[in-house]
Ligand SMILES: Nc1ncnc2c1ncn2[C@@H]1O[C@H](COP(=O)(O)OP(=O)(O)OP(=O)(O)O)[C@@H](O)[C@H]1O
Ligand SMILES: [Mg+2]
């Protein structure tokens, strides 16, 4: 059992000639995740093809801005779905739960709080209390479903299939089936176009984010050296840092290139009772909803990689019996995972209802399928134990790009769904083949 | 928190001195343990004890109930009836967490590894080393894993790969490392060398002797009677869930043990 056979990812032991093709070893030295590269490649391919088909209308700052804000809601939920699927469960209730959370928040800010506490509409505390209520609703309902799955051992498929029917109609009863709106202005700022950082703050954010990314990479490298582990060559590290910094700043530059239409600006000035200066212009910059997604992505990635909770989630998915024998309380873990999902659904409910500027009963319809598809396209294995947060977000982005791209090209709605369905199945097939090639898993 | 690096010959380790003779209290006492799965009486009124610095071997045919018995001690199963005493005091072990609290470590026959995690994550599963900020300290875990693996299986290099990519023996090494890394006082080893090569088996045998010299009590399950005669102070034989008998290895021959396993009785005690 001595293992002198080669170890694909580790640096070759000194004195052994590199026996791989140069191109391959170039990528190897960058130590980039091949699956990540594949997904980024697929995303770029989708963008380029649609850009050609639409004569350059797909990759305009305006469309990229819209694409970003359309992706946020599903992407936030997809990160939670990763944990659910990694622990070998499924959640079919997210779209319906989104409706309930949205209904609670809409009623809070327009009826319940004004009626009971006497807060006038437009009061500064309203949106925040409403959001808090939504988050609590999501967390509690999620935890309850997790309890049914973990402690009463009802299969998650059944619990959340029930939830799919229950929560949408609970939402209906909360609002008596009415559309509730318009929502509070501050609340609407989380929807996308109605709340953005503006050019200057977007640049500051981009620079800070790039700085943090560089620091994180450098300190990870120091840490490795400190423990005597092999590290990649300095040039490879520099290339990776360069790509990341360019991607962050490039994204900011694109969003900053989308200028607020002058009639909107003029309206704003008029509302403040001022005259708009001649030739005045301003850019939208990064929408708050996208910042929210970034924050969720960072927190979820840290949970997945750096905390015990995350370690236990993946261990349980890989081998539930082993996790149990290692002293992990897998039942409580199930409650936590579903509760996290519920909180993320509530955050998505803020974004989705804010984007529409009101709550309607059909909000989030079919989102469960989009969310599951995003996680799966992003490389989350339904057999459990494998999945990444960035993958799920990329999955959501790829799906949204396909959908908007096809809409722009003028593909019929039925055909759009046929394509998305085909992509889902094909993505999983490719993933299976890839895993078989890489071996092991 | 690592096991002591050196263990020089200790008189108790020689195997000729009976730890029970020194008047020590038993570390573990299992009394009249019973458990049934559906209609199968997997363990049927078994009583065993284990002293510090002693290795007790468990032998028996496939399905005799050996794994089930030790899983009751390790908290994986709850006995239908019977009593577990640790250091003379009644112990309640309802989960693997409880067993760990009594410093009981187990190498399961199925190894119980999370295939999707690497060796270090498996070794520290449930007991992660954390940084001051409360995050899992992967670098330190990997460094510690490196250290302990160097003693168990010096050829082991696949530290950062999921254990699904390891050979059977390498996986077994990870499971052994996990059981001995944390200061166990009671060690349960269910066929720890089943997948190991000759050299690695010898290293595990040395390890068992060393741990024994440090005063650990070890339950060892194996089908290799020769190995058992070599490593154990006493052997207990099970058949169909019942205990056939417990013998000091000096008092029996390999043939005696074989007939206990096959016929369910000791020819010396019950001549035909
Ligand atoms: N979880 C379970 N559910 C039902 N029956 C079980 C379970 N675990 C063990 N058994 C039964 O209990 C009996 C004892 O099994 P056990 O695994 O303890 O045997 P063993 O002595 O370890 O055998 P081996 O040498 O093959 O490892 C067998 O008849 C087995 O089928
Ligand atoms: Mg067994």
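Note: Cβ is positioned from N, Cα and C throughout, glycine not excepted.
Feature list (source: TrEMBL):
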type     : residues  : note
REGION   : A:1-20    : region 'Disordered'
TRANSMEM : A:34-53   : transmembrane segment
TRANSMEM : A:65-86   : transmembrane segment
TRANSMEM : A:92-113  : transmembrane segment
TRANSMEM : A:125-144 : transmembrane segment
TRANSMEM : A:150-167 : transmembrane segment
TRANSMEM : A:201-218 : transmembrane segment
TRANSMEM : A:238-258 : transmembrane segment
TRANSMEM : A:279-304 : transmembrane segment
TRANSMEM : A:337-357 : transmembrane segment
TRANSMEM : A:369-393 : transmembrane segment
TRANSMEM : A:413-434 : transmembrane segment
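Outside the transmembrane segment (A:92-113) by six or more residues, the chain places 73, 77, 80-81, 119, 121, 126-127, 129-131, 133-134, 137-138, 141-142, 145, 157, 159-168, 170-172, 174-175, 180-181, 183-184, 187, 341-342, 345-346, 348-350, 352-353, 358-359, 361-369, 371-372 with a CB less than 8 A from a CB of the stretch. If you look at the transmembrane segment (A:279-304), the same-chain residues 6 or more away from its ends with a CB under 8 A from one of its CBs are 65, 68-69, 71-73, 75-76, 79-80, 82-83, 189-193, 195-202, 205-206, 209, 252, 255-260, 262, 265, 310, 313-314, 340, 344, 347, 351, 354-355, 388-390, 393.
Here the transmembrane segment (A:369-393) has long-range neighbours at 35-36, 39, 71, 74-75, 77-79, 81-83, 85-88, 90-92, 94-95, 293, 297, 300-301, 304, 314, 317-319, 399, 420, 423-424, 427-428, 431, 435, 441, meaning same-chain residues at least 6 beyond its ends whose C-beta is under 8 angstroms from one of its own. A Cβ distance under 8 Å defines the sequence-distant neighbours of the transmembrane segment (A:337-357), meaning residues of its chain 6+ beyond its ends; these are 69, 72-74, 76-77, 79-81, 83-84, 87, 89, 91, 94, 97-99, 101-102, 105-106, 131, 134-135, 137-143, 145-146, 149-150, 181-183, 187-195, 289, 292, 296, 303, 313, 363-364, 367. Contact between the transmembrane segment (A:413-434) and the transmembrane segment (A:34-53) is supported by 3 or more Cβ pairs under 8 Å, counting only residues 6 or more apart in sequence. Nonlocal intrachain contacts for the transmembrane segment (A:150-167), taken as residues 6+ away from its ends with a CB within less than 8 angstroms of a stretch CB, comprise 84, 89-93, 95-97, 99-100, 141, 330-335, 338, 368.
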